[in-house]
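If you look up Swiss-Prot, you'll see 11, 139 marked as active site, on the strength of sequence analysis. The ATP binding site annotation in Swiss-Prot covers 97, 98, 99, 100, 101, 102, 103, 104, 105, 106, 107 and rests on sequence analysis.
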């Protein structure tokens with residue numbers, strides 16, 4: 001069989017409400033409207049007898065040890081759940097920043113499961129595929145079918161696909177990796193403690209651009225404030241986005257440090273990206289669309 005290829009797009013939390021810490025397992029309960037960007041890593045699978053991984057690309061270095069990569073972790077979980085699973089050699093081209101709040105590793109893992117499912121004739125809702133996604137990480141299930149939807153629970157509860165309009169946007173990462181654990185520590189919730197805040201807005205099944213802004217503008221990312229204490233440069237990145245002509249909303253994604261802004265049109269997004277690159281040439285800046 002020829003090489004199988006898929007994209008692993010950046011996952012953007014348009015909203016991220018933390019409801020509290022669950023008393024049973026201590027995980028943080030959340031509600032989040034998730035969309036996906038045009039920018040992505042690329043993953044290939046060459047069918048073969050063994051599971052292997054090769055990583056290249058501009059952000060390959062920070063991706064960490066090969067043997068601990070989420071691509072192989074997801075593949076091993078699936079192999080453990082499916083007798084006789086056909087395997088192969090993965091080739092990952094890393095374009096997305098690592099530890100950046102955009103689910104790069106989770107999206108890569110989900111891409112690996114998609115390719116193995118394709119190779120083995122498995123549906124994405126096949127129980128072993130879902131189980132492997134959940135075992136690999138909280139963000140992996142929503143990345144299996146990378147289209148806009150709501151996440152709830154600790155990330156394991158995935159809502160139906162939503163018809164969100166494609167939004168002109170800019171993603172900015174100031175080059176500072178931010179691990180999730182210190183951000184949750186800064187949030188400071190004890191097990192069983194609830195976080196006060198307005199309820200998440202109701203999200204309709206189909207929304208044009210103005211309706212999407214109407215939903216997300218009054219919402220929030222509850223991890224933004226604690227992340228600013230961990231990496232204050234996030235605030236600088238947000239300020240640069242808000243200062244650009246045509247910016248309709250700027251917010252942090254996930255636990256940071258990537259921030260995003262929704263713009264009035266693609267031209268405004270392109271101009272904003274150019275201005276921010278000129279001001280901060282060492283930052284990762286990408287005009288894109290979110291849907």
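Here the Cβ of each residue, glycine as well, is placed from N, Cα and C on the backbone.
Structure with Swiss-Prot features highlighted.
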residue: 11; record: active site; Cβ neighbours (10 Å): 25
residue: 97; record: ATP binding site; Cβ neighbours (10 Å): 24
residue: 99; record: ATP binding site; Cβ neighbours (10 Å): 21
residue: 101; record: ATP binding site; Cβ neighbours (10 Å): 30
residue: 103; record: ATP binding site; Cβ neighbours (10 Å): 30
residue: 105; record: ATP binding site; Cβ neighbours (10 Å): 27
residue: 107; record: ATP binding site; Cβ neighbours (10 Å): 28
residue: 139; record: active site; Cβ neighbours (10 Å): 26
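Sitting within 8 Å of the Cβ centre of 97, 98, 99, 100, 101, 102, 103, 104, 105, 106, 107, and not among those site residues for ATP, are the Cβ atoms of 10, 11, 96, 254, 258. Counting only the Cα atoms, the space from residue 107 (ATP binding site) to residue 139 (active site) is about 8 angstrom. Nearest to residue 11 (active site) in space, judged by Cα atoms and limited to the binding-site residues 97, 99, 103, is 103. Secondary structure at residue 139 (active site), as computed by DSSP, is coil. Residue 99 (ATP binding site) and residue 139 (active site) have their C-alpha atoms 13 Å apart, to the nearest angstrom. The DSSP secondary structure for residue 97 (ATP binding site) is coil.
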